[in-house]
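A quick write-up on the structure given underneath.
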Amino acid sequence: MRIQSVALATALALVGGSAMAATIEVQMLNKGEQGVMVFEPAFVQAQPGDTIHFVPTNPGHNAESIEGMLPEGAEPFVGEAGQEISVTLTEEGLYGVECKPHAGMGMVALIQVGQPTNQEAFAAAVDAMRGKAKERMTADLGLVTEDVASAQ
């Protein structure tokens, strides 16, 4: 009987944990609410274990992490142009994302996963950016909160 109880508790914990994870869709657009060459939404708040699903609406777009704009321990990712990519984010912190072909036009996004553990380093990396990418990332950085759970 005890073995069955432990097995049931384990199964419920596994199901409960996966049921809590969310999938958040981000579109890669030629034109959106914030202008041309944008991710929508450009700022995402997520929890550890959530999956971000990037969907290109044009074959020229991709989604990839920006070097120096990831939390410690996070794995970089690179999507192929014109292809969807799903990334499960497990490390808390701020993630910078760009469309490599259109980053110079400001096609960047910021994903906050849990607590912004790397906010200081991320802000320094934003300061080193230029042009429209810096403008958009700075605006997104202003949306970061200390407690994602209460912001949702």
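Numbering starts at 1 and runs along the chain as it is shown here.
Positions of Cβ are set from backbone N, Cα and C atoms, glycine also.
TrEMBL has this to say about the protein:
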| type | residues | note |
| --- | --- | --- |
| SIGNAL | 1-21 | signal peptide |
| DOMAIN | 27-113 | domain 'Blue (type 1) copper' |
| BINDING | His61, Cys99, His102, Met107 | Cu cation binding site |
Assigned conformation of Cys99 (Cu cation binding site) - DSSP reduced to three states: coil
Secondary structure content of the domain 'Blue (type 1) copper' (27-113), with strand meaning DSSP E or B: 6 helix, 41 strand, 40 coil
For the Cu cation site built from His61, Cys99, His102, Met107, further residues of that chain with CB within 8 A of the site's CB center: Met28, Met37, Phe39, Gly60, Asn62, Glu98, Lys100, Pro101, Ala103, Met105
